[in-house]
Amino acid sequence: MEDFVRQCFNPMIVELAEKTMKEYGEDPKIETNKFAAICTHLEVCFMYSDFHFIDERGESIIVESGDPNALLKHRFEIIEGRDRAMAWTVVNSICNTTGVDKPKFLPDLYDYKENRFTEIGVTRREIHIYYLEKANKIKSEKTHIHIFSFTGEEMATKADYTLDEESRARIKTRLFTIRQEMASRGLWDSFRQSERGEETIEERFEITGTMRRLADQSLPPNFSSLENFRAYVDGFKPNGCIEGKLSQMSKEVNARIEPFLKTTPRPLRLPDGPPCSQRSKFLLMDALKLSIEDPSHEGEGIPLYDAIKCMKTFFGWREPNIIKPHEKGINPNYLMAWKQVLAELQDIENEDKIPKTKNMKKTSQLMWALGENMAPEKVDFEDCKDIDDLKQYHSDEPELRSLASWIQSEFNKACELTDSSWIELDEIGEDVAPIEHIASMRRNYFTAEVSHCRATEYIMKGVYINTALLNASCAAMDDFQLIPMISKCRTKEGRRKTNLYGFIIKGRSHLRNDTDVVNFVSMEFSLTDPRLEPHKWEKYCVLEIGEMLLRTAIGQVSRPMFLYVRTNGTSKIKMKWGMEMRRCLLQSLQQIESMIEAESSIKEKDMTKEFFENRSETWPIGESPKGVEEGSIGKVCRTLLAKSVFNSLYSSPQLEGFSAESRKLLLIVQALRDNLEPGTFDLEGLYGAIEECLINDPWVLLNASWFNSFLTHALR
């Protein structure tokens, strides 16, 4: 917990909390939960005060950034965090200048706008009970009380919340984040119970004598005995209070808080319709590579030279023909485009010196495939605003698609190991400062688990393609440049290998804005027969271009070689993120680290070595219709990496929406599993928000299917 506090909070807050504890003779290293609670309370007090000022007219305003010379006065005086002597000096000074009554206890803030002291509370318990305790302790109507909880609730004197909604939301979000971070490290239960005392020893003792009299004296008004008060608290149902608070906020709000039970949630409704189709920018499990080992040819490292060398390793080229047409496209154009690529590559070889780049001739088939002269003419709005029936371009609603089995197969394949290494040890990047031994050890273990993973191949392939396409888009804006799709790896024996997946031909690319689109035609080699899953290849025209001899257990067999051709498009911003796909390695490493941290905090020692080297232990990987799937730590690393990579490859507004909305339902279910007795209102509205993102995206549909499996097994 101490390490978490030092990582999670601003160093100034940590220092103040340490001083406060030492002032009261407490040790932050021993009373770690108290240390965390004090830091949290300090941060909430500072956030409460941040950005709130009083202008020259005495009006309260919010200024997040602006003129530092403006005549503004801070709305709140912060008392919390000062040493006791200084804090009382500030309180006395305020009382003398404003005439307000001096409080019995040190408050947290003074509000110059409302002319009152404010007591801020942060509780891990039931908010109403904590509020009663505060009010009973202060016994002053002059001090305003404002309580926040880690579950997003708040309570204030006379329902006067002082601050605007956004400022309060910022505080609630921060508290929720702290709770999530603690939970992910296995610290939350201990922290929560340290305040609640729900499982502490005193509850099992009979309270007698002086302590009993003191307990009876310190009850809130209208309670005759401790048992009486306990019975009220245990049977307390917050429904009416919450509804009352909501109705105070707005007359339009009419919410009934319903308890969320195991039987409450229903599965997400996945759409019906034709099966969803492949929409990634390049082939994944179906890709085929033409490779050269230990490349040492002239111009090695220049993409066009490498591509020609790879093409020469294959001798099974045949006259191409269409075997799966694209339903809406002019398929002969795709066929002629491939023939043009072959012819122009042959022309290059006949030249004395091979050029570093190749711009394709602007033939009719390429102009059609790249959408040349197809974009509607742009007209300035000023020139057409007087047109009576001017309206937005009408576009049809997207057609609903159902989940298809191929996307689960793609994901499974991405988690598998290949026989090549796709990243060097330092690919994740060295720390600038002298890196701790533990951190470097974790990185090395993680890299060893994922360096041969197919998802890592997709990362390097994505980085290469996006970098090459963005470079060409800027350097050769008007040209139809031929861009080889290349990756590099090392074999098991450590030999370097260069792979060619196919080619891209880039269209015109005058990209002024981040979202301006560049069209491209992709042509990718494959051994997958598209007729096996035609729905997956809806957007492609597939040609048969040759025969490949493959070594199998029964000897050499001949298999047809296919070329998957399609028109596609991307933008500057998408290419920028594609170039940064290595971030997926970092994201999944951080997720693994939080698992190690949780384990280490339980065992109270670093568990990195045991975590990676104890091969007998299995870990939960995910949910399937069969239940919770488990696997080795390596499998967990590769699964987390594959999820991160697929989030990048299949990023879309549907995924953004589904992730944000389904997370809310996930947190409610998690609260139920933690016995926190969650309540909800308008649950069907939340389901609606999730389900409107389930349209036709294969990755989103698969995640929704996984979510349903999770609901089934989580609530048994």
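Heads up, residue numbers simply count up from 1 along the chain you see.
From the backbone N, Cα and C atoms, a Cβ is placed for every residue, glycine too.
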In Swiss-Prot, the Mn(2+) 1 site includes Asp108, Glu119, Ile120. Which of His41, His297, His326 does it also list there? His41
Looking at 12-27, 124-139, 428-443, which stretch does Swiss-Prot describe as motif 'Nuclear localization signal 1 (NLS1)'? 124-139
Which are the residues of the chain, His41, Asp108, Glu119, Ile120 excluded, whose CB is within 8 A of where the CB atoms of the Mn(2+) 1 site average out, their centroid? Val44, Cys45, Glu80, Pro107, Leu109, Thr118, Gly121, Val122, His146
So for His41 (Mn(2+) 1 binding site), how many other CB atoms are inside 10 Å of its CB? 20
I'd like the per-state residue tally for the motif 'Nuclear localization signal 1 (NLS1)' (124-139) from DSSP, helix first, then strand, then coil. 12 helix, 0 strand, 4 coil
By Cα-Cα distance, the member of binding-site residues His41, Asp108, Glu119, Ile120 nearest Glu80 (Mn(2+) 2 binding site): Asp108
